[in-house]
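First up is the structure itself, then whatever we jot down about it.
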Amino acid sequence: MNLIKMSDIDLSGKRVLIREDLNVPIKDGMITSDQRLQAALPTIKSALDSGAAVIVLSHLGRPEEGKYEKKFSLEPVADYLRENLEYPVRFVKDYLSGVGVNPGELVVCENVRFNPGEKANDEALAKKLASLCDVFVMDAFGTAHRAQASTYGVAQYAPVAVAGPLLIRELEALNQVLKAPKKPIVAIVGGAKVSSKLSLLKQLVGMVDVLIPGGGIANTFLKAQGFEIGISLYEPDLLDEARHILILAKEKGCQIPLPTDVVVGKTFSETCPAFNKSLSNVAADDMILDIGPETIRDYVDLIHDANTIIWNGPVGVFEFPQFAYGTRAIAIAIAESDAFSIAGGGDTLAAVDLYDLNQQISYISTGGGAFLECLEGKTLPAVAILQERAKHVKTN
């Protein structure tokens, strides 16, 4: 990887602008999951320990661009960092005209998406952000697939632009899966829609030995094979695509095991009774909401035989306890495996959190869309600009 790392640069006394992904869930002003903050803390602390004057940028949620909304404010994040760092931390709302910051001090800037032009990678905005620093550090893997002012444009115009430790770790973990994976490789791809993961599914059938579809994706494959799925979520417009992927998988020597038994309900509800059924017994008014015990055993056996595991998406509606057995069993099987395992995506991370398996998965990616695009073989714009800038950087 032709990238200059943050650790290659002397940061002492320099203004260091770090783009992190601090987009955490906040309810009633309280952070409900600090996973992304914990992932970002080592980078921020390292820069402060080096004697840098540190400024942090991030987005939070999806506010209307250019409009302040308190529920999308990064102030609770600044409070969290203040409590978890032994350095002074200030929260600054207006920063585009300049920020006074001292070595050994951290300034947390307000949500970058409150700035008009952020998503469009506005040149004037990017230059204002770049003027805040001597060194720009891109550490937000979760937004590296977006060419925006705070991820791409600022890297174009900053005096020096480098990759942060978290970004490097993410890319190295994915590289281990993409460049020299140990076989057999098993991928679990769940979620509601084939359409959102069509490119990924096509890419994976040429790369992995076993591709286990889950959730609405599995339902679409089942329907494409002529099985009764009742009123289950599926995509009628993508049945031909599903059939094409099954044919492609056969040509490539990739196994796509489909459920042989399922757990159904009559409504999508936390209080809905759950019933185990063989696939041949699914009724016209049934809704498939999880995989059954026989399928769980089959999938767990496949996972135990793997040397590399990729996990993106649940295999059932794990938010409802009666439909969580499949996802829980898959998660535990991955955690217990000796294989190199990488997990990514919001629902996947929520499941890892729920079952307290953070320490047992080889690598947990902080990215959703960026994670998928890497697996699809795409170049991430924010990484590409760092590679371009690396050609001209002096590391002193």
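The backbone N, Cα and C atoms fix where each Cβ goes, and this holds for glycine too.
What Swiss-Prot says about this protein:
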BINDING   ASP21, LEU22, ASN23, ARG36, HIS59, LEU60, GLY61, ARG62, ARG113, ARG146  substrate binding site
BINDING   LYS197, GLU319, GLY345, GLY346, ASP347, THR348  ATP binding site
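All features noted in Swiss-Prot, drawn onto the structure.
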{"residue": "ASP21", "record": "substrate binding site", "DSSP class": "coil"}
{"residue": "HIS59", "record": "substrate binding site", "DSSP class": "coil"}
{"residue": "ARG113", "record": "substrate binding site", "DSSP class": "helix"}
{"residue": "LYS197", "record": "ATP binding site", "DSSP class": "helix"}
{"residue": "GLU319", "record": "ATP binding site", "DSSP class": "coil"}
{"residue": "GLY345", "record": "ATP binding site", "DSSP class": "coil"}
Residues that sit under 8 angstroms from ARG113 (substrate binding site) by C-beta distance, when 6+ apart in the chain: HIS59, LEU60, GLY61, ARG62, PRO63, GLU65, PHE72, LYS119
Least Cβ-crowded entry, counting other Cβ within 10 Å, from the binding-site residues listed as ASP21, GLU319, ASP347: GLU319
Residue, out of the binding-site residues GLY61, GLY345, GLY346, whose Cβ gathers the largest set of other Cβ atoms within 10 Å: GLY345
Additional residues around substrate, ordered along the sequence, whose Cβ is within 8 Å of the centroid of ASP21, LEU22, ASN23, ARG36, HIS59, LEU60, GLY61, ARG62, ARG113, ARG146: SER58, ASN111, GLY142, THR143
Residues ASP21, LEU22, ASN23, ARG36, HIS59, LEU60, GLY61, ARG62, ARG113, ARG146 binding substrate per the record - widest CA separation, whole Å: 18
Nonlocal neighbours by CB distance (under 8 Å) for ASN23 (substrate binding site), same chain, sequence gap 6 or more: ARG36, SER58, HIS59, LEU60, GLY61, GLY142
Greatest C-beta neighbour count within 10 angstroms, which of the binding-site residues HIS59, LYS197: HIS59
Rounded distance in angstrom between the Cα atoms of ASP21 (substrate binding site) and ASP347 (ATP binding site): 17
Neighbour count (Cβ, 10 Å) for THR348 (ATP binding site): 24
